[in-house]
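Chemist: Before anything else, here's the structure in question.
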Amino acid sequence: MACPGFLWALVISTCLEFSMAQTVTQSQPEMSVQEAETVTLSCTYDTSESDYYLFWYKQPPSRQMILVIRQEAYKQQNATENRFSVNFQKAAKSFSLKISDSQLGDAAMYFCAYRSAVNARLMFGDGTQLVVKPNIQNPDPAVYQLRDSKSSDKSVCLFTDFDSQTNVSQSKDSDVYITDKTVLDMRSMDFKSNSAVAWSNKSDFACANAFNNSIIPEDTFFPSPESSCDVKLVEKSFETDTNLNFQNLSVIGFRILLLKVAGFNLLMTLRLWSS
């Protein structure tokens, strides 16, 4: 009866030894890179085995785990996948990921993972957050203010067109809310822009003071309090032109008439051929 107990003890001991022997370490909690440049994410691991597999995964804001690249320990040649490549040093137990020509879509959390050849369980590192800074051409920083036409206590400030080196910080005023820096990528126009939004319900809220805790360029354009955008003016600018609508309807009607004439001629021709 002692044999089953011994076997269970052996299994538990083996599992504990495996969990203690295999570790994955990522020493870079966060890395940043300028768009189109190269960045390297480091990863080290500890194992007593000689046959195993290594992986790099990326986790975008959607939280989905996406396999980037894998490396078999028995292969001496480093794995490559388009712009992604690894530097695998088996003796040093190092497995770094190199990303060339960084794109905005590369921004994500990257996880290094280890898997034994005899165990399907993946062991992950803590992850490295990669931030890709857009390459802004000819930045022209400006702050615009929009007030609600129905309530003077509601105001929104848009800080836009600033370079990637500018950091946007939260306001010390608890009544002022500022979003994180976001990137507008208009690929059809080959144009990128950084932007951040601040808002408050305070009646004395002014855009000139909204970003006081952020280091912004000295040449940033600020509107005067009298020149803030009015919602009614914005809505009016999008009103349709009656004459333009009539012309569009006329063109559509003319095209329909031409199609009917062409269809009638085709029908008469077919009837003549059939007779």
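For all residues, glycine too, the Cβ spot is worked out from N, Cα and C.
Copied straight from Swiss-Prot:
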DISULFID  CYS43-CYS112  disulfide bond
DISULFID  CYS157-CYS207  disulfide bond
DOMAIN    22-116  domain 'Ig-like V-type'
DOMAIN    154-242  domain 'Ig-like C1-type'
CARBOHYD  ASN78  N-linked glycosylation site
CARBOHYD  ASN167  N-linked glycosylation site
CARBOHYD  ASN201  N-linked glycosylation site
CARBOHYD  ASN212  N-linked glycosylation site
CARBOHYD  ASN248  N-linked glycosylation site
REGION    22-116  region 'T cell receptor alpha variable 38-2DV8'
REGION    47-53  region 'CDR1'
REGION    71-81  region 'CDR2'
REGION    112-124  region 'CDR3'
REGION    119-134  region 'T cell receptor alpha joining 31'
REGION    136-275  region 'T cell receptor alpha constant'
REGION    229-250  region 'Connecting peptide'
SIGNAL    1-21  signal peptide
TRANSMEM  251-273  transmembrane segment
Chemist: So which one is it: of the disulfide-bonded residues CYS43, CYS112, CYS207, which has the fewest other Cβ atoms within 10 Å?
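Modeler: With the disulfide-bonded residues CYS43, CYS112, CYS207, fewest surrounding Cβ atoms within 10 Å: CYS207.
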Chemist: Return the average pLDDT for the region 'CDR1' (47-53) as a whole number.
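Modeler: Summarising the region 'CDR1' (47-53) by its mean pLDDT gives 94.
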Chemist: If you draw a 10 Å sphere around the Cβ of ASN167 (N-linked glycosylation site), how many other Cβ atoms fall inside it, taking every protein chain shown into account?
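Modeler: Here the count is 11.
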Chemist: Determine how many residues of the region 'CDR1' (47-53) DSSP places in helix, in strand and in coil.
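Modeler: Split into helix, strand and coil, the region 'CDR1' (47-53) gives 0 helix, 2 strand, 5 coil.
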Chemist: Taking helix as H, G and I and strand as E and B in DSSP, count the residues of the region 'CDR2' (71-81) in helix, strand and coil.
Modeler: 0 helix, 4 strand, 7 coil
Chemist: Tally the residues of the region 'T cell receptor alpha joining 31' (119-134) by DSSP class, grouping H, G and I as helix, E and B as strand, and everything else as coil.
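Modeler: Going by DSSP assignments, the region 'T cell receptor alpha joining 31' (119-134) contains 0 helix, 9 strand, 7 coil.
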Chemist: In whole Å, how far is CYS112 (disulfide bond) from CYS157 (disulfide bond) when you measure between their Cα atoms?
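Modeler: Distance (Cα to Cα, whole Å): 40 Å.
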Chemist: For CYS43 (disulfide bond) and ASN78 (N-linked glycosylation site), what Cα-Cα distance in Å is obtained after rounding to a whole number?
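Modeler: If we compare the Cα positions of CYS43 (disulfide bond) and ASN78 (N-linked glycosylation site), the gap is 15 Å.
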Chemist: If I take the Cα of CYS112 (disulfide bond) as reference, which of the glycosylation sites ASN78, ASN167, ASN248 has the closest Cα?
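Modeler: In terms of Cα distance, CYS112 (disulfide bond) lies closest to ASN78.
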